[in-house]
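What Swiss-Prot annotates here:
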BINDING   24, 25, 26, 27, 28, 29, 30, 31  ATP binding site
MOTIF     24-31  motif 'Walker A motif'
C-alpha cells in the first residue's frame, strides 16, 4: 500500500482530519515520536513558508534520562496544518503530546511542596501531575484525536526498567478502550529485531488485542511512519460486510436447508467483525464449516470500511444437492445429459398447461390455450352471401380444460363395542396435535390409513363411465364453439 493510498483511506475515515493523540507513560519517547513524525512526514509537505517555520518552532523538546520533559499537554503544531499528499488530496494533520502517566524512578512530577501542579487547556487552575495525565489522556483521545498512539518501552531506551512501565501501560490501554477510538501501540526500543523484543511484542498484542509495533523512535524512518499509519488504518471499524454465497446455492429456495445453513453461518460469523483487522480472522472461521470448502477475501475498501468475502462450496456437496433436487443419483455426465433431455421435454409439456393448472387451483376451472403448432387449418373455401362472395378460413385447435372436483372417501370400520371405538379414536389422535399428517401413517387392520383412503378415492374416479366422459367433452365443445351460455345437466 503506497503512502498516498494510506493517507487517502485514513482521510476518508476521518473526514480529512488526521489528528494523532500520542499517549502513554512518562519517559517512553512520546515527544521524540512526535518530533520525528513532524520532521519526516508533515513539515516537508507544508507549502506555506511561515506555516512550515511555525511548525518547526513548535516541535517538542526531548532528552534522555529520568527527568520528565513534557509537563503540560501540547498541540503540535498549535493549529492543524493542511498538507497536500497528492494532487487533489489535502489532509489536516496535528499531533497532541500528552502528559504521561507517572512511573517509579521518573523525576519531575513532584517538587518540594509535593505533587507538581500542571496547567492544562481544560481547567483555569493548575491540577496535580497524575490527574493531568488521566484527564488529558481521555480528553485528547475523545475530543482532539481521530487516531490514538500508545508509546511504551521495553526498558532499553533509558534507566527505568520495563517492569516499572507495566501498570501505567495497562491504565492507558484501558482508558483508550473505554473511549472507543482506533489506536495502536509502539514499543520504543533500541533493539527492535531482538527475539526478546519480538516475544514482548507478541505477548502485548495478544493481551490487549491491538496491533503492536516494535521500533526505535530515535531512529524513526519514513517507512516506519507509514507502517504505523497502515496498522492504525486496520483498527477503524468495519461499516459493511458483503458475503457472496456460491452462485448455485443462491438458486435454491430460501427455505432449503443448505441455503439456510449458509445464511446462519454468515450471521453467526460476521457478528464478530468490528474492525478491519477482524476480517482476515473471520475469513478463516468460515472455512471451519463442513459445507464451506474455502473462503477468500474478495476485496476491502479501507476508506469506506467495506469488506467483501467469497464463499466456495465443496464439489461433492453440489452432487449431493443435485441428487436431492432431481430425485435420482447421477451416475455420470451421460446420465445427467439424459435426465436434462427428459426434464426439458417435460418442461415443454408442462409450460403448455402451467397457466391452466394455476387457474384450476385458484378457481376450480382452468383452460390451456392451444399453441400455434397444434392448430390445423382447413383448405380455404369460397362462400356466397347473396350477390357477394367471400372466403371461409377454418382452423381447429385442441384446448385443454381442467376441472377441479373434490372427491369424498369415507372409511367406517365396524370394530365392536363403543369402548373399542373410543380406543381407536384415541389411537388415531395421539400424535395429531404435534403432527397432523402423522394420522395418515396410522395402522388400521394391517394397512396404513392413507392407502385405504387413496384406494377409496381411486375407486370413485374410475366409476365415471366412458360415455359420460365423452358427453361431457362434447358438451364443452358445443358451449365454446356455439357460444351458448346456458347449460342444463340431468344426472341419471
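Just so you know, glycine gets a Cβ as well, placed from its N, Cα and C.
There are 27 other CB atoms within 10 A of the CB of residue 29 (ATP binding site), with all protein chains counted.
Highest Cβ count within 10 Å among the binding-site residues 28, 31: 28. Per DSSP, the motif 'Walker A motif' (24-31) is made up of 2 helix, 2 strand, 4 coil. For residue 25 (ATP binding site), the Cβ neighbour count at a 10 Å cut-off comes to 25, with all displayed protein chains included. A mean pLDDT of 84 is what the model gives for the motif 'Walker A motif' (24-31). Its own atom aside, the Cβ of residue 30 (ATP binding site) has 30 Cβ atoms within 10 angstroms in the protein chains shown.
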